[in-house]
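Quick look at what TrEMBL annotates:
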- TYR150: active site, proton donor (ACT_SITE)
- LYS204: active site, proton acceptor (ACT_SITE)
- ARG186, ASN441, ASN485: (S)-malate binding site (BINDING)
- GLU276, ASP277, ASP300: divalent metal cation binding site (BINDING)
- 127-291: domain 'Malic enzyme N-terminal' (DOMAIN)
- 301-554: domain 'Malic enzyme NAD-binding' (DOMAIN)
Amino acid sequence: MFSRPNLYGNLTKICGNMRTTALVNPSSVTAAAASSPTPCSNASVRQYHEVVGDIVCPSQVRGIDHIRDPRLNKGLAFTLEERQILGIHGLQPARFKTMEEQLELCKIAVNRYMEPLNKYLYLADLADRNEHLYFRFLYDNIEDLMPIVYTPTVGLACQRFGLIYRRPRGLPEPDVRAICVTDGERILGLGDLGANGMGIPVGKLALYTALAGIKPHQCLPVLIDVGTNSYELLEDPLYIGLRQKRVVGKEYDDFIDEFMEAVVKRYGQNTLIQFEDFGNQNAFRFLDKFRNTYCTFNDDIQGTAAVAVAGLYASKRITNRNFADSTFVFAGAGEAAIGIASLCVKAMVDEGVDEKTALSKIWMVDVDGLLTTTRKKGAISAHQTKFAKDVEPLDKLEDIVTKYKPNVLIGASAAAGIFTPKILQTMAANNERPIVFALSNPTSKAECTAEQAYQNTDGRVVFSSGSPFPPVTINNKTFTPGQGNNAYIFPGVALGVIATGTHHIPEDMFLISAKELANFVEQSDLDRGSLYPPLKSIHEVSMRIASAITSYAYKEGLASTYPEPECKREWLKEQLYNFNYESSMPVTWAWPRMPYFKTRKDSPLLSSMK
């Protein structure tokens, strides 16, 4: 975590000296893994060295450190030969286990916990003990574990972060390729959680590895702690962040600028920086400010947009209606809604419609009502202006849906239950197959449940949500609604960008990703009520998106990794994380047999000395 105040001149030093794990005095800089080690004698304390980088030299680590270091530890999967050579024979039980046996034990252990938060804590503990086993367990059981590692459980984990915090993650590392950063101001639909928002970058980057195979040591979660405006947290004795109101204005902007510069100085211009859960105003400002000078994107704006538009592309096979033939109403006018609406406009332009016509198809509603140029209450931001209509203001969503008869109703408001039965029934009355997306998360913030959507539309709704919902049976048919999870998009985008060394991420990459995801949806998925493929296929989805991003990067001259590979997919596979255990033995090789030469009895040197 990077904290404020008094940061100037320190952040570059921090990012240039990430070699130890310590906590610096908050009066100067608070940063996980950011200080120099305290001098001490070997007699007084044992120095512990944690391995870094992609290749571990056998001489770096000795003895019990192979068990203590989560990257090297294999638990009971160390072979007898490895235990003897590494000097850990006798430090573990006599039993030898395969990775498959360990995975089975992990599954039993997780299933014994009834509460999702307890499962989250077990997985966090596993990651701290055995990194390979943790990621292999996620990889093999992503359908069951993604709701634990990320939404909706990660929201509860953030709310309890002061209680469950154990150790910092991500530092020290010399070869960081991807950073996920937040300032904790708008965590999911939960609001300002301050330093407790650290659970979001940790969870996002775990999915980078589990879903796209990006190596974990190349991923760095960062929380920028500038305080919190939540009085509840400021008064909470368990809160671990700075107990101050948020720093704003020029001081805050200078801090972010210094952070971005330090990342580039330490790790390079093509380091991917994913902005996550910043406040609405800052999210748009930073995206506009940095998108052309850094390798960065905002998942709340662009990732959410891509997965939602992918669902709309897939829905065309049900409704037989193009984007340009649809009318959209958005409940919410924040990051997610503006991002989705903007990408919808881009999709319509891609269909051959001019931008002005595309904008006329979109109606946006915020807490003060319809976005109009004449409304008297509720300011309109610069990013909302292009969606404001020159019409009579309306305050109620129900009246707006009744008057403008949308084909598509998208919720990104974090206002639970705002899609009332009356609104859903109106959508069903105006459309043979109404499209309703309730995208707010966690589940407690959803605009409606899947059951409410299907019941109030007589089972005709084309539904998607931001959080998982159980299957719904209506009219003797069972629907399994798909979750429009950003995890379908951002891991593949990240893999393609990192592999190609792309310096900047244009908006076209997210439209490409949306199309790739939609093309992966099969008819059987649509028949069961899902606009997205099953989670078990998300690894293949990520690879297809990464391949498409790679092709686009080279075609448009955005890549910096040359020569261009002929087979993009195979080239990407060669760079992925190995989810299986690797040998802990030193690498040996046979010495080549030397050719035979018949030698003289006396060497020339000895002859010259006589």
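Yeah, the Cβs are placed from backbone N, Cα and C, and that goes for glycine too.
All annotation found in TrEMBL is predicted automatically rather than curated by experts.
Remember, it's a predicted structure, so these values are computed and weren't measured experimentally.
Where TrEMBL records a feature, it is marked here on the structure.
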residue: TYR150; record: active site, proton donor; Cβ contacts under 8 Å, 6 or more apart: GLY203, LYS204, ALA206, LEU207, ASN485, ALA487
residue: ARG186; record: (S)-malate binding site; Cβ contacts under 8 Å, 6 or more apart: ASP192, ASP277, PHE278, GLY279, ASN280, ALA283, ASP300, GLU335
residue: GLU276; record: divalent metal cation binding site; Cβ contacts under 8 Å, 6 or more apart: CYS180, VAL181, THR182, ILE200, PRO201, LYS204, ASN298, ASP299, ASP300
residue: ASN441; record: (S)-malate binding site; Cβ contacts under 8 Å, 6 or more apart: THR151, PRO152, GLY155, LEU188, GLY189, GLY466, SER467
Where TYR150 (active site, proton donor) falls in three-state DSSP terms: coil
CB-centroid shell, 8 A cutoff, divalent metal cation site GLU276, ASP277, ASP300, site residues removed: THR182, ARG186, ILE187, ILE200, PHE275, PHE278, ALA283, ASN298, ASP299, GLU335
Other CB atoms, at most 10 A from the CB of LYS204 (active site, proton acceptor): 27
Mapped DSSP class for ARG186 ((S)-malate binding site), helix or strand or coil: coil
Segment-level pLDDT (mean, integer) for the domain 'Malic enzyme NAD-binding' (301-554): 95
Cβ atoms near ASN485 ((S)-malate binding site) (within 10 Å, other residues, all chains): 26
Local Cβ density at ASP300 (divalent metal cation binding site) - other Cβ atoms counted within 10 Å: 25
